[in-house]
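Below is one structure; the comments refer to it alone.
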Amino acid sequence: MRKLFTSESVTEGHPDKICDQISDAVLDAILDKDPNGRVACETAVTTGMVMVMGEISTKCYVDIPKLVRETIRGIGYDRAKYGFDCETCSVITSIDEQSVDIAMGVDEALESKKGEMDRLDAVGAGDQGMMFGFATNETKEYMPMPIEMAHKLSRRLSEVRKNGTLPYLRPDGKTQVTVEYENGKPVRIDAIVISTQHGPEVYLEQIEKDIKEHVIKVIVPSELLDENTKYFINPTGRFVVGGPQGDSGLTGRKIIVDTYGGYGRHGGGAFSGKDPTKVDRSAAYAARWVAKNLVAAGVADKLEIQLAYAIGVAKPVSISVDTFGTGKMTDEEIVSIVNKVFDLRPGAIIRDLDLRRPIYKQVAAYGHFGRTDIDVPWERLDKVEEIKKHI
């Protein structure tokens, strides 16, 4: 049976991604000085303006306007002709402390209040909710091919802009990849869509030629392309006005880009700007870690795990697994292995993945999962041998 599946990615200059990177830059700066700082930082951008808001409780000081300007400069919006300038944009901040009602549940979990705890029970989940983790062996990154390929194309767009290969490119851009599957395995790429912001001096014919030569051919293996592969490069014909001048941006608006490109389910919680006591982030990272190690251990070809939490309670209220018919054992047996090998209380996740560190801005663009260009703890295959002992 053949079917098509499509996923998209965006570059670091996309308005929503600018916001994610600013929020995580603030988080990293605080964790660097105060590893126990509590951060829920939201950012909005529009023409000529950045607003940073949220709830932050910390003993340290960080210069938020300076962080904002440095982040925007690093992305590439450093002159007015790009429609957004790190030096001249206004930066508005509105920061409160974390609610004492929320802090009360995170600081002392329900298990602690009832006297039925060990030390790791003392950290309660920062909110209720469910988080999903996913892995598949269809790529070496244990990621679905559509999102993995879309991320690589987006990253390459920024590379050729920054290294001067295509100097007329500007920071905003999007990619989209449609993969054809046969009996559950990727066999070819059916369509590639790339929209990239550019200077007014260049024509579409040049952009199409350059993107195919310096982006697509460099990233996509030739055996996945054929005479029927369709290419849509700047299909509107012109993309000069972009970034915050073209569209307003908000933190947390690219949650499918951040995860599995729609191939796996999503619990709805965004990542950027949240410290690791927020299970929206830490438990989603842990779920990816669990799923990837299970697939690498041969438990299934494709696996999704759901974790659910109650605010102020340390232990997950539920753990659920789906192997989509590819499991080498029952889903119930896999959940039993998860409970034996992994401790999924927030305090244990923070400890085992060493999450109270400034490691978040680097994943705020080009995906939080499947990253081989950086070392992030939730991508490590460090539980495979232990899992195999229980198979």
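Any Cβ shown, glycine's included, is placed from N, Cα and C.
If you look up Swiss-Prot, you'll see H14, D172, G173, K174, R238, F239, D247, R253, K254, A270, K274 marked as ATP binding site, on the strength of sequence analysis. The feature Mg(2+) binding site is assigned by Swiss-Prot to D16, with sequence analysis given as support. Swiss-Prot lists E42 with the feature K(+) binding site. Here Swiss-Prot flags E55, Q98, D247, K278 as L-methionine binding site. Per Swiss-Prot, the feature region 'Flexible loop' maps to 98-108; the stated evidence is sequence analysis.
Here the features listed in Swiss-Prot are placed on the structure.
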{"residue": "H14", "record": "ATP binding site", "Cβ neighbours (10 Å)": "28"}
{"residue": "D16", "record": "Mg(2+) binding site", "Cβ neighbours (10 Å)": "22"}
{"residue": "E42", "record": "K(+) binding site", "Cβ neighbours (10 Å)": "21"}
{"residue": "E55", "record": "L-methionine binding site", "Cβ neighbours (10 Å)": "16"}
{"residue": "G173", "record": "ATP binding site", "Cβ neighbours (10 Å)": "29"}
{"residue": "R238", "record": "ATP binding site", "Cβ neighbours (10 Å)": "11"}
{"residue": "D247", "record": "ATP binding site", "Cβ neighbours (10 Å)": "15"}
{"residue": "K254", "record": "ATP binding site", "Cβ neighbours (10 Å)": "25"}
{"residue": "K274", "record": "ATP binding site", "Cβ neighbours (10 Å)": "27"}
{"residue": "K278", "record": "L-methionine binding site", "Cβ neighbours (10 Å)": "24"}
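Looking only at Cα atoms, D16 (Mg(2+) binding site) sits nearest to E42 among the binding-site residues E42, E55, R238, K278. In the three-state DSSP reading, the residue listed as 'Mg(2+) binding site' counts as helix. Counting in whole angstrom, D247 (ATP binding site) lies 17 from E42 (K(+) binding site) by their C-alpha atoms. If you take every residue in the region 'Flexible loop' (98-108) and average the pLDDT, you get 52. The record assigns H14, D172, G173, K174, R238, F239, D247, R253, K254, A270, K274 to the ATP site; their largest pairwise CA distance measures 36 Å. For the pair formed by R238 (ATP binding site) and K278 (L-methionine binding site), distance between Cα atoms is given as 41 Å, rounded to the nearest Å.
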